[in-house]
Structures are given as structure tokens and as C-alpha cells.
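Peer 1: Please find one structure pasted underneath; my questions will follow.
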Amino acid sequence: MVQMTRRGFLLASGATLLGSSLSFRTLAAAADLSGAFEYSGWENFHRAQWSWDKKTRGAHLINCTGACPHFVYSKEGVVIREEQSKDIAPMTGIPEYNPRGCNKGECAHDYMYGPHRLKYPLIRVGERGEGKWRRASWDEALDMIADKVVDTIKNHAPDCISVYSPVPAVAPVSFSAGHRFAHYIGAHTHTFFDWYGDHPTGQTQTCGVQGDTAETADWFNSKYIILWGANPTQTRIPDAHFLSEAQLNGTKIVSIAPDFNSSAIKVDKWIHPQPGTDGALALSMAHVIIKEKLYDAHNLKEQTDLSYLVRSDTKRFLREADVVAGGSKDKFYLWDVRTGKPVIPKGCWGDQPEQKAPPVAFMGRNTNTFPKGYIDLGDIDPALEGKFKIQLLDGKSIEVRPVFEILKSRIMADNTPEKAAKITGVPAKSITELAREYATAKPSMIICGGGTQHWYYSDVLLRAMHLLTALTGSEGKNGGGLNHYIGQWKPTFLPGLVALAFPEGPAKQRFCQTTIWTYIHAEVNDQILNSDVDTEKYLREAFASRQMPNLPRDGRDPKVFIIYRGNWLNQAKGQKYVLRNLWPKLELVVDINIRMDSTALYSDVVLPSAHWYEKLDLNVTEEHTFINMTEPAIKPMWESKTDWQIFLALSKRVEMAANRKGYQKFNDEQFKWVRNLSNLWNQMTMDGKLAEDAAAAQYILDNAPHSKGITLDMLREKPQRFKANWTSSMKEGVPYTPFQNFVVDKKPWPTLTGRQQFYLDHETFFDMGVELPVYKAPIDADKYPFRFNSPHSRHSIHSTFKDSVLMLRLQRGGPSIDISSIDAKTLGIKDNDWVEVWNDHGKVICRVKIRSGEQRGRVSMWHTPELYMDLIEGGSQSVCPVRITPTHLVGNYGHLVFRPNYYGPGGTQRDVRVNMKRYIGATPMSF
């Protein structure tokens, strides 16, 4: 038996016991420490343990909104420690952002050195999902992909190739790599913000923007905060301290959530409505504010369409074309009390149609695409209430009313606190008190999260919330407004990102809408919502009018699916249909990844990507206004490569395949573009100028006014603040808050009316009964006893870190589903039992956790565990269908038009009901 000294034991064990670090020795080197060493005291060991030869910038390039700057320490080519950098510049009179981090981020090294790491290219030899692979060389794997790419273009069409990668803000160089490749070969790319259900569609409908939100330091400026469907102490850990500090500063905080979650236990008041009834609660608050005249009338007149006139005969806006020969259909009227006449206000869409039309751009309208002009009213005093007579162009006299008159009459009749109490379960007295407090505290803020966003009618709910901010005049003020923190969606330097990802311009890129793409190609057309909504009809109309894309064109099936930086299959709603109907259509599935996740498991070729600490990229978020970077602490381990280098290498192999097959060029008639596959590498690298990751990162910075002048060397020194932003200007030492361009500077809102638009006079909105904010109950197509919820976990970022041993040790060691103690007793279920949860869409079999904070009639399974993790069958998405809301298909209505991640159908993983029973059957040896 080999003898080991105490020093040898300490050094060897240090390789695995450093918690948030690793020994500078590799495990292989540690094996050599079994020989005898002369004992010379313990002090030098501790000194050496924290010594390093390299210190670099690091960030965690995952679908996380933290964007937490870190330092990474390495020695002899091994990362030994990671820690928060604590060097974000402070705001004036505001608590610091520093240090930023959470339990997940400090596990980043686990994916470098853990068993999850992909080391070599792999090619499947068994069935998809079976887990049988063989090691391949890079040349073999890339040639296999390149041959299929060229053959698909030649024999089918370039848009039969599909490239998916989400959230560009966290790693824009990596994101741009595959999108630039798709751009030059004619493939289509995917939306993600809407597919995840995170896109605030109601904000786009109301405000004409993809979205915008205050950085979290601005929470401290608020005097009253409502956490509505948001659980920031669990899902926004780096920023939650601003809430506690605001409380200490006198801010009152209210949580509106069905369950008694980790944020609810820390607030001043907890309101717990029935799931999905938040719209009734919001509109009953509006009832109180209007009834008691607590609203800001001037704000409604200037900043909203509530003073615009609506025809009583057609229910449409009164347009200039109705009254004046040759008048515009995009100019509208209000009633001027001072003159007693109808007046067209400044800022309507028709004022400058060439500047108002939404540009053909990635992620829609942002930053430099807003209209010119002003919306100040001058001497005009618009009427909010009343009925007036107007003579039309044909001589006919009709009655018109301001939008506010119509809205008020409905809310007064339909949305009393007493009626809302019966729907929500919240007492009328509590609703009235909440409304008064919110309306009278200045400034007041609503923070909304996924709990309000992932519903079939989430757009109408968000419009109701925006109505509250409009009534109180809190939008565009520090400490106020409606701020949504759902998803990692905001690449502030968007023009630079677009320049790198789509060099010939977004107008020459095929964008598919992922919800529609999945609905069509996974053949979930049998997901009938109810007898009142004909989804297929609206979908056909959207395709016929080209309001929404249907890719591949001409009814073809997708053939090649390249996925990177995203666990697409694991996140997919309609998972049963995806595996049964979509996956067999795909002749090649490629996954580029740092680890073997569920999507990789069901792929044909898996390519190993460099870890976040082995590559150079940028990292930004909507939660603060600073740019981070990550840079190589060590060279990419094993045979991994950065995403940028992988797609450059693939482009070279496509060139070779095209030359081999004699198919170097083809005419893409849609774009009148003769594509040259034999020159792909030069196109990808701009003739070599972008051959390195660092050059690509600097290119992004240089091509956006928000970051021009910022260099990588400056980012190595410390995080740099953006110089400009989207809907407000940047002010030194002041937290960013959105919409000041419109509220303070009086620029027109980028909507059809030039204001926050609450009345949407489009046929589809009339069909659905949602031309104004109304309460719409959850869709209950599945008649089962429990409402299913899939919240985000404290111990993972979506599926990332779900399989980290360090995180599993902090919980039950695997996925589980929560149920109330009363419901569990009724079902005869005990804590940690195996249970079967099912509906018409699928099933999941997992452990159960009895949680006293869970509401009766609801069960919650933490979002997207890996499909191979202690699950007998299915996952959290197995019971979720793909459902399309018809209003999300509207296009060519002013600001409502499809643009990737700007407007389109979203995910509806909350309108789901399930049944549950104790599982009787064989169970694996597990936690």
C-alpha cells in the first residue's frame, strides 16, 4: 500500500475540496503526490493555495439577467478561483451594485472541470436520445455537417436549414457567429424572446417598443413597489438587495403572488389572488383610482390615446380620412374643450409616415428608429369625457366619444372591487386599500415577472398594468413606471450586434417565428383552444397576408437544425409532439455545447464549445447599464473551440463541400442575391479582418452609438457604462429609467396614435373582445383539477446548473413538484413520493414536495430539469402545449408588425391544468 504524508494528502484533496475553486494541480498531477514529501509546516500550503499567475475578466454567458462581472484566477493553466470583481461605478445617492453574483455563478468552474463537459466532437451511433456516441475528429464532424448543408441548399432550399441561438445580450459574439453563417447561406434563424413567453407583448401593443425597463438601482428611488408575479429574491438574486435597502429608506413593498414565496416573506403586504386572475385585480384598482379621481388627467390627455375620439357607429377611431377629402387614415382626432371643435393632435402616425413605419430590423423598433416631432398639446385642452357630434365627409352626422369615456363606463360597471373579489379571492377592502396606496405614493412602481407573463392573455393583463401607470402618471419618472424583468432580452448596443450578425442588413435575413414554426412542424394543430377561438383561421390569414412568416417556404419541412447556446428541446412546449412529429423530419440535428444537455442527447452531431472562461465575449443586461467582458483565463480545454471559431471552421468546410459538389453559387430569388458558397470564409471574416473573436467584439462596440469609443482594454480595466440607451438619455450618476424621451422630451411614442395606445381598433382585437384592457380568464381547455405552474428555480438558470452537483446538494438532489399539504392529504400523497402528473398533452413522473406556501388547487414544478435527471418520464414542458393567441398574429397595423422578438406569438405555459396521483411502478435508484 502506498503511504501518503499529511502534506501529500492535503495537496491531493485540495484538488476537489476548494469549494468555489480548484487546486492549481490537475487531478492527473494530483495522483503523483502519493510519494513522500518532507513535512515543512502548513503555512506555505495556505499561502500557495491562494497564489496565481494570471488574473482575467470573467462573466457567465448563460440566459441570466445578472451580467455579474467577475475576476478569474488561474495558475499553471488551471482556473483556481472565481470571485465578484466589485468594480461597477456607483450611482449618486444610491446603494452600490457591488458585489454582483449568486450561488449559480460561483459554480461556473463546475462546468469546466466536471463530468458534464464535452471534450471532443461526437457523432451519434445509436437512436436519438439513446446516448450512444463515437468520438470524431473536427474535420470529420464539420465535413458531415457541411455536406448536409450544401446538399440541403441544392436539393431543397436554403431555408430548410434552421439555426437557433437565444439571448444575444449575454454573449453577442457567440450569438452573431451562427447568425452570420445563416445570413450568408440563406438559412432561417429563430425568435426566442416570444417563444420563451418572456416578451411583454402588451407593452409592444401599448408603447410601440420591443420593451424597455429601468435598471434595478432605480428601485431605490421608488416610494411604493408592487412585485407583481415577480420573485426577485429567488430569480434576481444580485439585485434583490435594492428592495431591502429601499425598505430601510421608507419604501413600502407589496407582493402579488399566489404562493407565499421567498420574496413575499420579506414585503410589507402580501396579496395572493387565484392564479391567472391578476387582470381582474388590476382593473379593479383602476376602478378605485378613476372613481376617487386619483388619476393624473394631464398625463392621460398628453401621453395616452384616452382623449382620442371613437366613432359610436363603427367603434373605430375617428380618422382624418373620415372627415376630410384626401385625409390620412393614420391621423386621429380629439375634442378641444376650449374651441368646441375636433382637432388633430401632433405626433400621429400619419404625420411622418416615412419615418413612422417600423423598420425592417432585428428586434423591431429600438433606439434610433423612433419618430420625430413632438406631442405637447400647446393650447389644446382635450376632453376625456363626453359625447360629441361630427359630420363626416359624406355629410352623415355621427356620435363620437373619447376612449376614456368608453373605458370608464366599462370599468365602472364590470370591474368593481366587489366583483373582483369574487374572481380573485382578494377582499374588496384590500383591493381598495392597495389602489389608494399605489395611486397616492409618488413615485410608485410595478415590477412584473414571469408569473404575469406566461399566460394566453398576458398581453391584455400587461395593458391593464400599463393603464395603472398611465392613470397615476408614473411612467418616465425615476422610481416609477412598469418594469418587466422576464428573460435576458436587451442588447443595448443593438446596431453593433446587427452589423455583425446580419452584415447585408436584416432585410436580407430570413427570420422564423419559433412558436409558429413549432406549432406547424411539430403538428400540434390538434391543440384546439375552445369552440370560440379558431386559431387556424387567424393563422391562415396571417400567412396569406404575409403578416407572419411560414418557414421553410412553399410548405417544405425543415431538414437541418443547428442549435447552439440554447437547450431548445428541453425548453420546448409541446414536447411530445416535437419528438414524435418534428424530430423525424430533421435529417441532421447539430448541437454546439459545453456540456451534454437534453438537446445534445437527441442530436446527431455534438461539437464541444469553449467555456465562458476560455473565450472572449461581451456581456450586458437590462438590469444595469454597464458592459462586462469575459476573456480567456486558459486556452479552450480538450478539443473545444469558441463559437466564433467553430462557425468560421464550418464555413471553410462548406466552401470545400461546395467546390467538391460543383455547387459554388446559387441565386436566392427572394433577395435577388447570388450567394457564393465558395467564398464563405472571406464573407464571414470580412476578408480576414474578423478572423479573431476579439476583433468581432470590438466591431460590435464600434458600430453602436451606445458603445462607440469603448475598447476591450477599457473593459479589462473595469465595466464601462453605456453612453446612450433606448428610450431615455443616459445621465451620469443617475439610474436609467425608460420612456423619458416621450414623457419628458415630448417625443411621439412609436405607436399608431403617437401616444401610449390603449384602444386597438383592429378586427382581431374586436373579435377577441380586447380592443380595450379587459379581464380575460385563463384558458381551461384541459379539464383537470390542478393548475400547473413552472416557476424559475433558485438553484438553476433555466436548465443550466440543473445538473451541477454543487447546486443539487442545496436541494433535494433532483426535480420535484410542489403541492399544498391539504391537496396532498386528499390524494393520499406523502412528501418525496413518486407521482404521475398528466393531461392530454403529456405526462411527467417525478418526486413530490409538500410545501405549505403553495396554494390549494395549484402544483408547481421548477422550470426545465434535464430530461435525464431523476425523471421516470417527461419533464416540466411535457404537459405544456403550444398555443397561439390570435392578437399576436396581427400585422400591418401601425406599430403592430412582425419583427423578430418584437411582435409575434409567445409561450403560454401557465394556461395548463393537470391531474396527479401517486405513482405505483418501478422507480430508479435516485435521491
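Glycine is treated like the rest: Cβ placed from N, Cα and C.
Sharing the record's features from Swiss-Prot:
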BINDING   His60, Cys64, Cys68, Cys102  [4Fe-4S] cluster binding site
BINDING   Asp198  Mo-bis(molybdopterin guanine dinucleotide) binding site
DOMAIN    53-116  domain '4Fe-4S Mo/W bis-MGD-type'
SIGNAL    1-31  signal peptide
Peer 1: Of all the binding-site residues given, Cys64, Cys68, Cys102, which has the fewest Cβ neighbours within 10 Å once its own Cβ is left out?
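Peer 2: Relative to the other binding-site residues in Cys64, Cys68, Cys102, Cys102 has the fewest Cβ atoms within 10 Å.
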Peer 1: Write out the long-range same-chain contacts of Asp198 (Mo-bis(molybdopterin guanine dinucleotide) binding site), meaning residues 6 or more apart in sequence whose Cβ is under 8 Å from its Cβ.
Peer 2: Gly450, Gln453, Ile486, Gly487, Trp489, Gly906, Gly907
Peer 1: Once His60, Cys64, Cys68, Cys102 are set aside, which residues in the chain still have Cβ within 8 Å of the Cβ centroid of the [4Fe-4S] cluster site?
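Peer 2: Residues close to the [4Fe-4S] cluster site, other than His60, Cys64, Cys68, Cys102: Ala59, Ile62, Gly66, Ala67, Arg100, Gly101, Lys104, Gly105, Pro238, Ile797.
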Peer 1: Under 8 Å between C-beta atoms and at least six apart in sequence, can you list the same-chain neighbours of His60 ([4Fe-4S] cluster binding site), or say none if there are none?
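Peer 2: His60 ([4Fe-4S] cluster binding site) has long-range Cβ partners Gly66, Cys68, His70, Lys104, Gly105, Ala108, Val170, Trp612, Asn619.
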Peer 1: Helix, strand, coil: count each for the residues of the domain '4Fe-4S Mo/W bis-MGD-type' (53-116), based on DSSP.
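Peer 2: Residue counts in helix, strand and coil order: 9 helix, 18 strand, 37 coil.
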Peer 1: Using DSSP and collapsing to three states, where does the residue listed as 'Mo-bis(molybdopterin guanine dinucleotide) binding site' fall: helix, strand or coil?
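Peer 2: For the residue listed as 'Mo-bis(molybdopterin guanine dinucleotide) binding site' - judged by DSSP and reduced to three states - the answer is coil.
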